[in-house]
Amino acid sequence: MKALAHWWSRRSPTQRPARRVNEFAALALVAGCAAGWLPVAWSQTSGTTGYLVSLRGGAQIHENLAREEALERSRGQALSAARREQVVDGQARANKARATALARRLGIEPQFTYGGAFAGFSAQLTQAQVDALRRTPEVESLSLDLPMTAQARPGGGGGGSTTQTTPWGVTRINAAGAANTGSGVHVFVVDSGIDRDHPDLAANILDGYAVEACVSSGKFSCSATWDDDQGHGSHVAGIIAAVNNSQGVVGVAPGVSLRAVKVLDRFNNTTAAKVAAGMDYVAQRTLALGTATVANVSIGGGGSKSGYCNANGYTGTDNYARAFCEAAKAGVVITVSAGNFGVNARGFLPSTYDDAVMAISAAWGGPDSTGGDWWWNDSNWGNETSSWNTRPSAPVALGAPGYGIYSTTRLENNGGYVSMTGTSMAAPHAAGAAALFLKKSPQGNSYSAFLNIRQQMLNASTSTSGFTNTSGYSHTENYLSVTPVR
């Protein structure tokens with residue numbers, strides 16, 4: 001595996017890999033086994049399989065808030081922030097308690113419980129337990145848990161700096177020196193955590209949450225460490241919001257409030273169940289906040305879309321899709337990595353959930369439109385021929401800088417700074433941009449937040465007709481730009 005990582009880090013961005021989906025699956029399995037990790041849905045060691053389970057009735061948080069707001073209006077008052085949080089968190093706890101009770105009634109021990117986006121749980125199930133759940137009237141649907149991993153590859157560089165540099169990607173999307181810093185906007189980084197001691201990040205970190213330690217223990221809030229023990233999450237966080245402080249680097253939106261949601265392990269692996277728990281937490285906190293937020297998920301894995309998302313929430317049986325859709329309904333503008341396997345993103349999760357997330361592909365090039373822009377050959381793509389401006393349903397929304405991105409990492413890695421490549425790096429450029437658009441055009445806790453900000457970003461995007469494309473794949477997406485909201 002070391003040889004494989006060394007080969008990836010030294011490849012020219014114009015070298016085209018000869019692989020397709022079957023090779024992607026093989027690589028994912030090899031990487032997982034080498035890390036001592038097996039995809040939960042494939043693990044049959046105890047005759048069990050991983051599932052996500054949703055209960056009928058949904059989370060009911062929107063309905064409870066609507067009743068409370070109507071009551072306060074009848075009194076000539078607005079719903080207070082404290083009461084809003086009480087309503088949201090109380091219903092989320094009740095949902096989790098309902099899910100836990102149902103599971104244990106059937107002899108099932110839940111791994112994660114869900115209550116902010118939908119009511120449900122995840123668990124390792126025997127076939128008899130699966131059959132019992134399918135016969136249970138309270139159960140909406142069951143869907144397989146799946147392996148997920150970070151979408152980045154190692155680069156070079158490292159060390160700190162006494163002077164601040166502006167990464168080429170920040171300049172390329174026209175965010176450098178912008179008066180709009182995104183101040184007041186909350187951005188959730190669903191990743192490996194964030195280094196809370198990093199001098200280029202600490203001032204912008206609001207809080208964090210460790211999904212594995214907190215959700216699986218049944219605790220609503222807990223003090224378990226969400227610090228970054230890998231480096232990927234800190235790199236993503238720096239692209240979004242490295243502090244403008246005359247040292248290191250500066251992010252796309254250096255004034256936002258970063259909120260870490262730790263779902264990746266130290267090998268950069270996770271599962272759909274764990275990411276869903278992260279999105280469940282993001283939805284809950286966004287509803288409690290009372291305004292739209294941004295979430296970046298630079299994580300992905302193989303899979304296809306079923307069901308659909310709209311203003312009424314999710315319709316279908318895929319509970320991983322349900323978590324993303326219900327978060328979008330809560331007012332979360334979600335950016336995700338398109339994937340690094342040079343395949344159609346339509347077969348990659350969560351990028352294929354195009355009605356709930358913005359999937360971002362990766363490009364590389366100069367600091368301006370004349371600097372020589374290329375599509376990164378390993379970036380996933382979408383084969384739709386229509387522009388997103390006329391057909392907002394392609395699996396990839398926009399392209400963004402993703403090759404050789406210099407940003408923060410955990411202080412123990414290379415002195416706290418490193419270059420990395422991948423759609424993991426492209427997506428946070430879009431997350432930072434979404435925060436800038438959201439600052440200029442605040443949105444509420446509804447699905448329209450995603451629709452409105454996505455459309456504004458698409459309207460601001462620039463043509464990629466001059467990009468060099470040696471991949472042989474069809475890149476029809478436009479390029480990210482923040483020019484209208486500087």
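Here the Cβ of each residue, glycine as well, is placed from N, Cα and C on the backbone.
Pulled from TrEMBL, these are the features on record:
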- 107-149: domain 'Inhibitor I9' (DOMAIN)
- 182-469: domain 'Peptidase S8/S53' (DOMAIN)
- D191: active site, charge relay system (ACT_SITE)
- H232: active site, charge relay system (ACT_SITE)
- S424: active site, charge relay system (ACT_SITE)
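Counting residues per DSSP class in helix, strand and coil order gives 8 helix, 18 strand, 17 coil for the domain 'Inhibitor I9' (107-149). Looking at S424 (active site, charge relay system) and D191 (active site, charge relay system), their Cα atoms lie 10 Å from each other. Here the Cα atom of D191 (active site, charge relay system) is found 7 Å from that of H232 (active site, charge relay system). Non-local contacts of H232 (active site, charge relay system) by the CB criterion (under 8 A, 6+ apart in sequence, same chain) comprise A150, A152, D191, S192, L264, N268, S298, T409, M420, S424. The most crowded of the active-site residues listed here (D191, S424) is S424, judged by how many other CB atoms sit within 10 Å of its own CB.
Secondary structure at D191 (active site, charge relay system), as computed by DSSP, is strand.
Looking only at the domain 'Peptidase S8/S53' (182-469), the predicted model's pLDDT averages out at 91.
DSSP gives H232 (active site, charge relay system) a helix state. In the three-state DSSP scheme, S424 (active site, charge relay system) falls into the helix class.
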